[in-house]
Structures are given as structure tokens and as C-alpha cells.
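Engineer: One structure follows; several queries about it will come next.
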Amino acid sequence: MMSDASDMLAAALEQMDGIIAGSKALEYSNGIFDCQSPTSPFMGSLRALHLVEDLRGLLEMMETDEKEGLRCQIPDSTAETLVEWLQSQMTNGHLPGNGDVYQERLARLENDKESLVLQVSVLTDQVEAQGEKIRDLEFCLEEHREKVNATEEMLQQELLSRTSLETQKLDLMAEISNLKLKLTAVEKDRLDYEDKFRDTEGLIQEINDLRLKVSEMDSERLQYEKKLKSTKSLMAKLSSMKIKVGQMQYEKQRMEQKWESLKDELASLKEQLEEKESEVKRLQEKLVCKMKGEGVEIVDRDIEVQKMKKAVESLMAANEEKDRKIEDLRQCLNRYKKMQDTVVLAQGKDGEYEELLNSSSISSLLDAQGFSDLEKSPSPTPVMGSPSCDPFNTSVPEEFHTTILQVSIPSLLPATVSMETSEKSKLTPKPETSFEENDGNIILGATVDTQLCDKLLTSSLQKSSSLGNLKKETSDGEKETIQKTSEDRAPAESRPFGTLPPRPPGQDTSMDDNPFGTRKVRSSFGRGFFKIKSNKRTASAPNLAETEKETAEHLDLAGASSRPKDSQRNSPFQIPPPSPDSKKKSRGIMKLFGKLRRSQSTTFNPDDMSEPEFKRGGTRATAGPRLGWSRDLGQSNSDLDMPFAKWTKEQVCNWLMEQGLGSYLNSGKHWIASGQTLLQASQQDLEKELGIKHSLHRKKLQLALQALGSEEETNHGKLDFNWVTRWLDDIGLPQYKTQFDEGRVDGRMLHYMTVDDLLSLKVVSVLHHLSIKRAIQVLRINNFEPNCLRRRPSDENTIAPSEVQKWTNHRVMEWLRSVDLAEYAPNLRGSGVHGGLMVLEPRFNVETMAQLLNIPPNKTLLRRHLATHFNLLIGAEAQHQKRDAMELPDYVLLTATAKVKPKKLAFSNFGNLRKKKQEDGEEYVCPMELGQASGSASKKGFKPGLDMRLYEEDDLDRLEQMEDSEGTVRQIGAFSEGINNLTHMLKEDDMFKDFAARSPSASITDEDSNV
């Protein structure tokens, strides 16, 4: 290729030389026309010029003698003509003038030659680059050839290993044949002995011994398999314990940092106390100077100072309590370290696996008990001070209530609280405030009521959204005496945490559980679905109503309109009724509540709700909070401890009514005798006797019965189907309300929702499937708390991806309005876009968002603006996951028109139809491993509870040993198969059949071997 290019370049250069030589030859002409133009008269004499040039060249090459000889041969006329022509040519004055033109042409040709030389150099460089690429490709080809050769070598090795395995198999067959030969030899010997001595008792005993040895080998094999299985669980438990130790060390550091911050804050509080004391002294002096004789005011001021001192003392006591709990936490950490040391020492001994497993479980139970004792430790009692009032308005009136600090440290993840001292500010009278941390681990409730003060203690914790924050607004006309104010505040302050949402049962213990040892709850509808232990006490229907009563209070502000009065009276979250002295303030309370209620609700007074439910047909997309709870929240709990099997017919019917399945009672009321009837019923019985044709209704009933027979208390069982219809509004899918309401889909069914269930509910869009999947994951992350979703903007300056996950569809539309995309925000209605889909779904990216918003592709600035704010909102980790998803080879852009295709069984799979059905039934919309780790979304590619950063090299080596042990298990299984085949051949022998009737011991062993 390079030689062809060089030949082309040489030809081009030769052509240029010829052109230049021809141009020089034209200098001799004296014409005024361009010799290269088609109209030039020299075009015909160009040949003569070439001949003259050739003549000149030949003459220069000849010698003098040859020139003279040639001159003699030229005719005289020709010579004279040439002389005249040449002399006249030299005497004319045209040559110098025309020479300039030719010189210009020559210069132009020289320039063209230089440009061609440059082009030649460029072409040369390109040729060299192409040569480099060719060499690189040849190198890659060599590498691929080497890889192919390596693959062929591996294939040869695999073939060799296969042949070696076949030879081993042949060896085993040869051994079996040898054993058969030995067996025949033994049989011949037996016949000889029988003929000679007629005594075969010894031989029978040997045969029995052989049988016993074979059975012992089988038992040893089973023991080895059990030990290997226990080794796997032990390694998993060891790794989980390492993770727990790492978490405990991290929490220890956090607690130490918190302790240091609390020390600094205590010092700042002391400084504030000194400043307050100096301020009080100054005010006292001022009062003494201005109002002599008013000793009562001075005494009140002293009382106020004493109360402030008591407040600081309570803070110091709380700090000491936290120090004590930190020490307890350190002791528990030391116990974990000791337990880890014992595990490391005992992990190499094969015979102590089971004991180690038992000891680790016992130690974990002891640690869990120690942590539960920590949580039962009393919190410091609140020190309350009554406010003071100055009737003359000459001094600064102050109302200060002590901060109530309650620290609740869970088993593994104690939260930290950082308190900051605010800047000096003058504040108008503010309502009582209550602060709590999101996860409920550490709660700081502060009741501060000031009119004008120099300093105010604030907390950096997030404000609670509970009803305890909705207090009275003070005004100038609301100033009362000291005694009346303290009497009004007494009921509210005696229960400082009455407005906080309750901790779900089992939350603390669930954090103590081993992530490898937790029992994964799955729905199974097989033959043993309704088996319940006889001594197991189940939860009754009134208990479910009681727990529902607790969550219904803080689910929605408008939900108070649907609650009966007796449930409000028994609820721990209700606001105490105003006293006669504070009747003036009730109007302010209702005004404040009216501002904070949901937009769909029309009233807040329970007496205004004349109709409990919507009467004009099915569930509409705008129903909102008009939907009430299906359960009677005011039931008595007299049969709380009665097992479901002993429930009467009326109780079972009422329970079915609460589950929303009351329509089947007319056809099945005669069939239901007690709770045992439902527990023993099969799928066919439910469909035939109760007439339940709807598959989701049968699934709902079976899940509810399974929950009654389970000892676990979960929050998803407390969410009924009316809550799910409101939840569809929150995630932006109100168009499916009718289908979900007809299917009576509740929180438990959401937890176990499968793809087939969604398809039966007529949800066929891929986007809507992913929306429901990520919404269920958000509910699992938040432990199915009814009010975990964020419907309204709170603090826009501190938006984290964990908070964006909780955004509803309406909140996302509010965010679009805040980023100047208000005209496109209504396009998200009914799209299923919520915070969980935006953050947790890798396939949902900016392009999908822009398509759903109907932003045209040509509006690049708008799309860039949306991408900037979208990436800032979801965080860096979610961006990385979305980029990884886009880089996958099978990535397809998520659109609103994509449909879910139901799986179809091929013709070859009809033999395994039952197995296929079971596998499809386990295909959950949201897999069980998603959202199980509370407080964070599961990391991509890792199992919940595992963190690869905490693994050491020893752990990885042990994992490799576990993989090797699995190979050992397979070898043992193959060896046991050979032993079983050998014993089977021995049993089929006629010798054993003959002696089975003679010897009773032989018959016993035969029966044992047949088992």
C-alpha cells in the first residue's frame, strides 16, 4: 500500500517537472497571446519549440567533431533560415516584455508545486497513521488468537478432566465388579462351610455387621451434611456479628461526639444562666428603683429565677443520664467484642460448630436483653415552672418551661441529637413547640412560651408533624393571671409526649435480629396454609380495631371527622378539651386547624359528617378523605386472648365485615360454624361455600387468616382497603381506585402483591407497575407507617433524597411549580410519578420525566433546566444508578405507552405446570428484599444487612471454604449413592432372602434398611 502511494507521488512530481520545463520553453516565443489558450497562434508551433529544445539537447551532448560533421550535412538554405529567424528574434524587443508574464506563470507553477508537496506530506502522514492502525489491528488479532488458543487449551483441559472422571467412574465400576466377585467367592465359601459344618451363625453375624456398618456410614454422611449446613449458617451469623460490631463502634464514636457537643452546650447553657442571673439582678434593681413597696413582684422574679435554675439543673440531670447510657452502651460493645473473640477462637474446630452456634445465639439474646434494659431506664422527670406576668408592663415578662429530654437508645442504631444555641433575638409570643427525631429514637420536647427575651434555646432537630405542635396562638387579649395560665397548661404538660406517634410493636426487637437469621415472611397457599399450633394465642378482631384506632388519629387531619366520639375519648393522641377559662382560645385553635387540614375535606367537626360514606356509586378519583375506616374503632376487647378457632359465628361474620367481605355472608352464613371452619377451608371450599369467585378476595382472606395465626405484629396489617384507595391518590394513580376497591386491596395485600395480581386489576402499564413497586418499597422502608408520605412542602432548604422518597404526586407537582415549571405540572396527574419512583427507580430518568411533562424535544433549555433541578433533587447516588442503568446493553427508555406482557407457558412446559405456577406466584411486584433494611434503600447488588466494606480477608477465605465445602457435599452425595446401590444389590441377593426367615435379627436389619 505504501509502495503504491510512493509511485503515485513520483508520477505527480515528474508531471510537474514536465509542466515547468514546458513553461520555460515558451520563454523563447515573442507572441502576445497566451500559448496555453485554445486561440493562441503558438498552439500549432508548440511542436517546433519542442523540436528546438530537443536539438539543443542533442547538440550539447555531441562532441565538436560530430557537431562539425552535422553542420556540413545541413543544407545552406536551412541554416540561413534558422540564422535569420534567430537574429530577428534577438533584435525584437518582445522577448523581455513577454518574459515577465512567463515568469509569473513559472512562479505560480512553483507555488502549485509547493502546495502539492505539502499535500504529499499530509498524505504521507495519513499513510503512516493508517499503517499504525493496521499494526494495532494486527496486534489485536494476535491477542484474540492467543485468547482463542487459551480457550482451546482450557477446553482440552476440561476434556481431560472429563476423561479422568470417566476413568474414575470405570474404576468404581471395576471395584463394584470386584466386590461382586468377592461376594460370589464369599457365597462359595458359605456353601463350602454349609456343606462341611452346617453352621452359618458366624457368617450371618458378619453380614449383619456389614449392614450395620453401611447404616453407620449413611448416618455419618447425614451428620456431615448437617454440619456443613450449620457451618454455612454459622459463617453467616459470624459475618452479621462482625457487621454489628462495626456498627456498634461507629455508634460509639457518634455517641462520644454527641457527648462532647452536649458538654459544650452545657457550658453555653451555664453562660446563658449567668447572663440571665445578671439580667434578673438588673431588672430587680430597676424594679426596686421604680416601684418601691411592690415586694410581691420582686418575690415573683426570684421565683422565676429559681425556676430557671431548676430548668438548667434538669438539663444537667438529663446530660448525666445520657452519660450513663453511653457507659452502658460501651459495656454492651465490650460484650460484643468478647463474643467475637470467642467466635474467632472456635471457628476452626469442626466438632464445636453446633456449640458455637448455640453460644452465639444465647449471647445475642443476652445482649438483646441488656439493650432492652437500657430502654426501660427511666427518663428524667420534667421540671415545670409557672409563668410570670407583670401587671404594670414595666419589665420584660417571661414564661419559660423546662426542656424535657427523653433518650431512647435502640439495640443497634442509637440516634444522635445535636443541640445548638441560637443567636440573640427578640421574638414575639410563640406557641408551644415539640421537637422529635424522625425515627423516634431520641425525642426532645420543648415547651417554650415567651413574649420578649434575649436568648432562646432551640434545637437543630426536625419539627414534628404530629398534632402536638398545633397549639394555641397567644394574643394581647389572652393574658391571664399566673394561676389560670398554669391550670390551663397542666393537662398538656403532664403528658409531654402524648401527641407523638406510637412506636410500632416489635420495632426495637426487629433491629436486634440477626439479618441472616430473620424469618422472611412469604405468602404460601398450599395444603398446610392454615396449620396453627394449639397453644398459640392469636390476636382477635377487637385488638385489630384497637391498633387501627391508634393509627387513624394521625393518618390524616380530616380523618377526625369520621371517628366516633368514644374512640376520641380513649385515644392517647387527642387534644384535651379546653377549660372554661380558655373558651376564648378555642376559636383560635379551630382557625389554626382549618389552615392545616387537607384541601379535599370540607369540615373538621365530627357532628357535621351526616353520611359516613359516599352514596353515589363507586370510588371516584376525587373521593379523598371522604372514605372512612371499615372497622369499628370503638369495639370492646373482651375476647382479646381468644384463639380464632374458638370464635363464634357472629364474631367471624363481624370480622369478615371488617375485612370488607360482608357481601359473601348471605350465601355462606349457614356454612360458617366457628373460626375453625375458615381455618380448615380449602380454596374450593371458599369458592363453593362462601361463593368467593374473586381471586384477590380469596388471597385477602387467606393472608388475614395467616396473620391471625402468626406471632408477628406488622404495620401493613393495620392498613385497610380504604387507606389503600387514598394511597393511590398519593402516588398519582387515582384511575385504579375502582379496581382496587372492588378487589378490597389492603396493606397486607400490597406487601404480597404479585405481577399477576396487578394484571388482574387491569394495571398493564410498565410505568405504573414500577410506580406501585417503588411506592411499596417506600412503605417498607418506613415500616408501613400510615402518615409517612409528605403531601405538603416543609423545609425547602434541607431536602435529602431520603425525604424526596416520601413525596406524593401532589408534592412533586408543587416542586415543579417551585422550579418555574408550573405550566407543565398538571401533566403529572394520573401519571404515577412520586418521590419514590424518582429516587429509587434506575430506569426513571430526566428523559422519561420530560416526556411525561410533554416538554417538546426542541425546547432544549427547558429540558436542561429540568435536568439540573432533577439531578440536584435525587442526589449523587441515584444519578449514578440511573447512569449505570442507561449503560446496560438491554436498556430501553421508559415511556408511558409501554405495556407489561403476561408470561405464557410454552408447549414443552406442560409437564411442570404446577411448578411453573408456584414460581409465577412468587414473582412479587416489589421483591421481598427491597425495603427490608429500614432507614435506607437497599444497595444495588448487595443483600440487605451486608456491607462488603466490613469484610476482611479472613471472611472472604472462609466464604471460599464454604464454596469448597459444597463440592465436598456433592462428593459425599455421590459416594452415598454408590453405597446405596451396593446395599440394594445385596438385598436383592437370594442369600439374604434365605436367611431372613431363619434369623430374627437379620429380618430386623432388613426392615431397617428398607426404611
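Along the chain as shown, the residues are counted starting at 1.
A Cβ is built for glycine as well, from the same backbone N, Cα and C atoms used for every other residue.
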Engineer: Just to confirm what the record says: which one of Ser571, Ser579 has phosphoserine annotated in Swiss-Prot?
Structural biologist: Ser579
Engineer: Quick one: which of Lys322, Lys533, Lys859 has N6-acetyllysine in Swiss-Prot?
Structural biologist: Lys322
Engineer: Going by Swiss-Prot, point out which residue in Lys471, Lys585, Lys940 is annotated as SUMO2 cross-link.
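Structural biologist: Checking Swiss-Prot against Lys471, Lys585, Lys940, the SUMO2 cross-link entry points to Lys471.
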Engineer: Given the candidates Ser77, Ser219, Ser667, Ser1001, specify the residue that Swiss-Prot annotates with phosphoserine.
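Structural biologist: The phosphoserine feature in Swiss-Prot corresponds to Ser1001.
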Engineer: Can you check what DSSP calls Ser794 (phosphoserine), collapsed to helix, strand or coil?
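Structural biologist: Looking at the DSSP assignment, Ser794 (phosphoserine) belongs to neither helix nor strand, so coil.
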Engineer: Please count the residues of the domain 'SAM 2' (719-782) that DSSP assigns to helix (H, G, I), strand (E, B) and coil.
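Structural biologist: Grouping H, G, I as helix and E, B as strand yields 46 helix, 2 strand, 16 coil.
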Engineer: Across the coiled coil (156-405), what does the pLDDT come to on average, as a whole number?
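Structural biologist: On average, pLDDT over the coiled coil (156-405) sits at 72.
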Engineer: Around Ser794 (phosphoserine), how many other CB atoms lie within 10 A of its CB?
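Structural biologist: Excluding its own Cβ, Ser794 (phosphoserine) sees 12 Cβ atoms within 10 Å.
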